[in-house]
Amino acid sequence: MANTAQLLRRQSSRDIVLKTQRSIDQLELRELRGRLVPKEHGVSHHHHTSLHHHHQPMYGATNQGFMSDAFDESSELEQEPPFGSDASTSRIKAELSANVDQQQQPQQQQDIVEGEKEGEERESWDSKIMFLLATIGYAVGLGNVWRFPYLAQKNGGGAFLVPYFIMLCIQGIPIFYLELAIGQRLRKGAIGVWSQVSPYLGGIGISSAVVSFIVALYYNTIIAWCLIYLLHSFESPLPWADCPTRLYKNYTYDHEPECVASSPTQFYWYRTTLQCSESVDMPESFNYHMAIALIVSWFLVYICMVQGITSSGKIVYMTAIFPYVVLIIFFFRGITLKGAADGVAHLFTPRWETLLDPVVWLEAGTQIFFSLGLAFGGLIAFSSYNPANNNCYRDAILVSMTNCGTSMFAGVVVFAVIGFKATATFDRCTEERAGLVALNRTHNLPVCDLQQELANSASGTGLAFIIFTEAINQFPGAQLWAVLFFLMLFTLGIDSQFGTLEGVVTSLVDMKLFPNLPKEYIVGALCLSCCLISMCFANGAGSYIFQLMDSFAGNFPLLIIALFECLSISYIYGVRRFSDDIEMMTGSRPGFYWMFCWKYLSPCAMVTILLASFYQLVTEGSSYPAWIAATGATEKMEWPHWCIVIAFILILSSILWIPLVAILRLCGIKVVEDSDPAWFPEAELREVHGIVPHEPTELERSVFCFNMDGTEGMCCPKYGLPEKSLEEEEE
């Protein structure tokens, strides 16, 4: 969630010193190679104090696999004079005088951690904690707070955790692991990665970039809504606490009838904030407040993406850690409220019969998939800035479990507050019922049901802007709690927005569509175009267009893209080759389970979800809740034909790139230009980890079709771009 790929990284060439100093430092590094601890990823604590004190060692730079090979290492270290002696100093001067003339360009091959050859410098993370915070911030988003609790209580309570964790193990973590590993190995964005796997697969990266662009387009609308509520949270009383009054022609005041028919929070959301029309066909007036909020939100996104690396990396601690601080505060406030225990019990009480419903499994798989942010290209972009020996397996497990743990913790917090609200409503109902009975009015008595009140929780925007705000209204010091809540939603949203846009920006840079344009200009043009297009959300039908894009543009295309990612690694790049790469980077080979998931289990799970989703769409149709002013309530309405056409255009514009690029490539037309593989320290990593050729087991040969000669059955790796050897790259 944060362009934490922008906020938390620095330019790899920012601290490069003069050429002579760098050359001396490289020779000194060579002298120190024998003192490093290669097998256990040990870190050398020797510093280049005398010659290179301005160049702070970068993340991962002390591992032997990250030492530069700019000079010939044919002589043995033990035969060379000790560094610092007169003989060593004379030798250094002699080598420098011989090599300076050959170094005509200012930037030669740099430390492997900086990762690229001359002219292809790539940014890198300042530290491991920055990468983890960025990735956690990207994965943990609004869906953890306002979608998981709703799905859990709707689909069996505690029983929902069974399909949830099963889908996490067979679909979520394997694909998360796959994207982190392939990005770290090939060191490019989504387009560059899949083009290098095979020139015919460049469409996968383009599809990821297109989906990321569309999702970022409407996702920023949520951030704009949060800004509106955050601004008005400083008012006293809160503007959604009571119904507004209306002045009639006879100069009398009364509460707004539409608000009385619904509730203050519903009226403020649908009529004041969104200015909803009664259908998507009637946009009505332009919403200037919403337009201003959209402009401000896109400006904030631009400022953070462009200025983050030059201002302060501390913003990551705000965007990634602040939501957890607020959740913990709300947790301790929530569990002290009356009815909190009833709310949490309602959330986690298992209803085992729901496990027989295939829809429950479908929604569990869908929630896992979108909660982790798979197939957007953001994870591939983030991991491409990691050191080559980063343990991507550990990162995948850590971030995935953190994401799921956050979902459950947020569920406890949300339903503790909802339990308080439901109990307060139930108590008022029982008091009203008792009063009517005392007056002998036994007809049409209100029905008071606590469980029904708890079940009336909403999903998505309804939970955040209606249900939760209504509960906050009843807190002492409601303004403080409202500020905390909407500031938390803002940071959750903007984190995910950064990660989503990073997938687009990295792809544009890697494609070299604008080779002479600085990256900050590309970011600015992207944010400006998104801001202009997002004005379609600033009218009475804007919220309905948002629901249309959210329902179609952000689900089916991502499932299809992830399916092709999995198939490409399994049957074109090769599971065996991919496992060799991971062993080379981390020092340990992926287990049988992960290879089985990549080749068989995960693709089957995604195909099943896709087919079930299409079947559900065809049989049940698709509708949207339209606000009806006369009744003060929402009413389900079918999408008109032009909306269905737009939905198909959104889906096809995303996924058609996959077959289109392949077909055009067969016809000799290159949509994505071929590029050389990024420089990668393969020989050094093999030496550091002591990698020897893997001999497949009998089980691997029978299940994955591994052959003894190193080939793999059911696989076509020959279509990939030819890789250059290290000697060819150095030339």
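Just so it is clear, glycine is given a Cβ too, placed from its N, Cα and C backbone atoms.
Now, the feature entries from TrEMBL:
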type	residues	note
REGION	40-66	region 'Disordered'
COMPBIAS	44-56	compositional bias 'Basic residues'
REGION	71-90	region 'Disordered'
REGION	95-121	region 'Disordered'
TRANSMEM	129-148	transmembrane segment
BINDING	GLY137, ALA139, VAL140, ASN144, SER371, ASN403, LEU492, ASP495, SER496	Na(+) binding site
TRANSMEM	160-180	transmembrane segment
TRANSMEM	200-231	transmembrane segment
TRANSMEM	286-303	transmembrane segment
TRANSMEM	315-335	transmembrane segment
TRANSMEM	364-385	transmembrane segment
TRANSMEM	397-418	transmembrane segment
TRANSMEM	480-509	transmembrane segment
TRANSMEM	521-546	transmembrane segment
TRANSMEM	552-575	transmembrane segment
TRANSMEM	596-619	transmembrane segment
TRANSMEM	639-664	transmembrane segment
Check: Which is it, of SER371, SER496: the one of these binding-site residues whose Cβ has the most other Cβ atoms within 10 Å?
Finding: SER496
Next item on the list: Would you count the other C-beta atoms found within 10 angstroms of the C-beta of GLY137 (Na(+) binding site) for me?
Entry: 30
Note to self: Would you say the transmembrane segment (552-575) and the transmembrane segment (160-180) are in contact under the rule of three or more C-beta pairs closer than 8 Å, pairs 6 or more apart in sequence?
What the structure shows: yes
Note to self: Six or more residues beyond either end and a Cβ under 8 Å away: which residues meet both conditions relative to the transmembrane segment (639-664)?
What the structure shows: 200-204, 206-207, 210-211, 214, 280-281, 548-549, 551-553, 556-557, 560-561, 564, 622-624, 670-672
Notebook entry, point to check: Taking pairs 6 or more apart in sequence, does the count of Cβ pairs under 8 Å between the transmembrane segment (364-385) and the transmembrane segment (129-148) hit 3 or more?
Noted result: yes
Check: the transmembrane segment (480-509): which same-chain residues, six or more beyond its ends, come within Cβ distance under 8 Å?
Finding: 1-7, 134, 137-138, 140-142, 144-145, 189-192, 205-206, 208-209, 212-213, 215-216, 219-220, 222-223, 226-227, 229-230, 233-234, 238, 300-301, 304-305, 318-320, 322-323, 326-327, 329-330, 333, 373, 376-378, 380-382, 384, 464, 468-469, 472, 519, 522-523, 526-527
Check: Given pairs 6 or more apart, does the transmembrane segment (521-546) have at least three Cβ pairs under 8 Å with the transmembrane segment (200-231)?
Finding: yes
Note to self: At a 10 Å cut-off from the C-beta of LEU492 (Na(+) binding site), count the other C-beta atoms across all protein chains.
What the structure shows: 30
Item checked: Same-chain residues near the transmembrane segment (552-575), Cβ under 8 Å, at least 6 residues beyond its ends -> 175, 178-179, 182, 194, 197-198, 201, 204, 207-208, 211, 214-215, 218, 366, 369-370, 374-376, 595, 598-599, 602-603, 606-607, 609-610, 613, 647, 650-651, 654-655, 658, 704, 712, 714-717, 719-720
Check: By a Cβ-Cβ criterion of under 8 Å, what residues six or more beyond either terminus of the transmembrane segment (596-619) are in contact with it?
Finding: 167, 170-171, 174-175, 178, 358-359, 362, 365-366, 369, 555-556, 559-560, 562-563, 566-567, 569-571, 575, 578, 703-704
